């Protein structure tokens, strides 16, 4: 923490300040007063400068603490921590405007950026402008060709196009056999939707679509379980253990 | 307890519809909400007779009548809605069997009660279908019954044939059906068609006493005694063809296997241990109840949480138990018909729990609330499109498996919207006892009971024939009355009727 604060104040050697070495401590205090705090006029700092004559310096430091109204602390670490905080506050108050953009959200964004591996934009689509008028016209033309109703948002329209292509036109879909069986009379379920047919009909269709995607998810889950079972399953029975009760 | 003449008692009861009665708040002291129970005319007579008998001067001992028990539950702290008695209700320890009650999770005084779950934690029913028909099974039913009997140990003190050590047991308690899946005893699709997907996630085996674990270890994969059974059943009637076809039941005559079992001695020990802890908690938190058997603790207290975690472990035990028996049943059928369980299409239709407490969201007075729902001798029956039911039953509503008694039929119902509103998505669980076990032993002869089953063409294998009269159909209410009442009240819908051709039991 001490190092961070020293860094923030642009101390020349933030990593090598040993607060228990009285001489280092004294010169750090002097650096703070000279560069940041400036409590005294330059000529009044004479005694604080005498870091080689610690007796004089200690006396000056006592006065200095009193003049800054520093609270009573026990260890030099506590004292320097307070002083650093004070100095940082002064720095901030000199130009609060310039710090207003720095907040936790922005900072974490910055940090994430540096952590995340930089991906080279090799994908052709990464550089594409999805709002270019040519792109929009293209999507609309595609939709017309596939007989998909237009939607004001061309990106949503694109999703619909993708879905139709995936489910109807992809190679796997083309080779799929037509589903045989009794068609489901979806207007007759055990469920109640609404008396209003204009509401009832679309809600039932949406529910069926939802069930279809849930079924796909569940099937994937089951396939995963079966794949794991291939590795772990080893059912055993031992009829010798069995015992019929009373 | 307040003792009043029967005529006085009746003033607090009011019939509000063809099959529903209201219990007014003054019936028992401190009732926070009203009570209600669902009965048709025949069950109504049984219910009121029980109350009348308890009003006779000098009537002491035994359990309180069911109506009183419903009312005492309505006096527990934190209860919301109503204390509800289902048509198969009969007196039990604290809560009547067939009583459901929900408690507000946000109310700090709300309680959880082991008496509201029962001693056989996560006792439940599982139904397997096959692609066989009656004509395939009828000639070999004796051999099949024997084969099932050889595979699934039954009776008091029986031991299972699936080798387990203490470490396996710890894992099974935590993982529930996922353990059975990992070890390869069941199919992935079985988990999909099981209430809670066969695993309660809050299970904590460290909250379970060593004694319970010791009792449970050798019992995994055993059916147990009492009313537990495994039956080979035939589809006798299809009321809702479309819902039945969603369950893979296409025609009358199709063969199914029903397994009714629970958590054996393990769950019993968990409940017993919890009751001791709760008595202390009640004293400390000054919880007052009308009946000493209604021992409970605040949901948020240490005792309450410990019980819920141990109960979840017992629930997982029961699912592993039913899963193990599913495995053994498939083995028995595959051997008999010289094929594989896959080729016999032996899928789990569903697996329900009828002794359990679960956290669920319900709409109470127009607002969504998180509740701790106790179902004791009551089955969850969620309506179509409820997110907690399997995707295959989203359109039909949750299948509800209602086991009959030895020699009588069983039913499959489906959950409804009305049930969701009226009974927190709950319905009946079985026939419900009409005579006490002791009374059945006095009034019936086991030889007559066995003969009668033989006359009906039902093969039976039983570990202790001298106890079969306890489970004779005469000792129970008529399951058809029970199911018809639920159907009439609209709290669930009839779908399939099944009749047994072979029974194995303890």
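Each Cβ is built from the backbone N, Cα and C atoms, and glycine gets one as well.
A TrEMBL annotation is a machine prediction, not a hand-curated record.
Under the heading active site, GMP-histidine intermediate, TrEMBL lists B:429. The Mn(2+) 1 binding site annotation in TrEMBL covers B:120, B:123, B:228. According to TrEMBL, the Mn(2+) 2 binding site annotation covers B:123, B:260, B:354. According to TrEMBL, the GMP binding site annotation covers B:227-231, B:354-355, B:403-406, B:410, B:429-432, B:505.
Feature annotations (TrEMBL) mapped to structure.
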| residue | record | Cβ within 10 Å |
| --- | --- | --- |
| B:120 | Mn(2+) 1 binding site | 26 |
| B:123 | Mn(2+) 1 binding site | 30 |
| B:227 | GMP binding site | 23 |
| B:230 | GMP binding site | 27 |
| B:260 | Mn(2+) 2 binding site | 26 |
| B:354 | Mn(2+) 2 binding site | 32 |
| B:355 | GMP binding site | 29 |
| B:405 | GMP binding site | 24 |
| B:429 | active site, GMP-histidine intermediate | 30 |
| B:432 | GMP binding site | 25 |
Check the DSSP secondary structure of residue B:230 (GMP binding site), expressed as helix, strand or coil. strand
By Cα-Cα distance, the member of binding-site residues B:227, B:228, B:260, B:354 nearest the residue listed as 'active site, GMP-histidine intermediate': B:354
Between residue B:228 (Mn(2+) 1 binding site) and residue B:355 (GMP binding site): CA-CA distance (Å): 13
Spatial neighbours of residue B:228 (Mn(2+) 1 binding site) that are distant in sequence (at least 6 apart) but have CB under 8 A: B:123, B:154, B:260, B:261, B:262, B:505, B:506
Which chain neighbours of the Mn(2+) 1 site, leaving out B:120, B:123, B:228, have a Cβ atom within 8 Å of the mean position of the site's Cβ atoms? B:124, B:224, B:226, B:227, B:260, B:261, B:262, B:263, B:264, B:267, B:318, B:355
Around the recorded Mn(2+) 2 site (B:123, B:260, B:354), other residues with Cβ within 8 Å of the Cβ centre, ordered by sequence, are B:120, B:124, B:125, B:228, B:261, B:262, B:352, B:353, B:355, B:403, B:429, B:430
Three-class DSSP assignment, residue B:354 (Mn(2+) 2 binding site), comes back as coil
Residue B:405 (GMP binding site) to residue B:120 (Mn(2+) 1 binding site) - Cα separation in whole Å: 17
Rounded Cα distance in angstrom between residue B:227 (GMP binding site) and residue B:354 (Mn(2+) 2 binding site) is 13
Measure from the CA atom of residue B:354 (Mn(2+) 2 binding site) to the CA atom of residue B:230 (GMP binding site) and give the result in Å, rounded to a whole number. 16
Using DSSP and three states only, what is residue B:260 (Mn(2+) 2 binding site)? strand
Distance between residue B:120 (Mn(2+) 1 binding site) and residue B:354 (Mn(2+) 2 binding site) at the Cα atoms, whole Å? 10
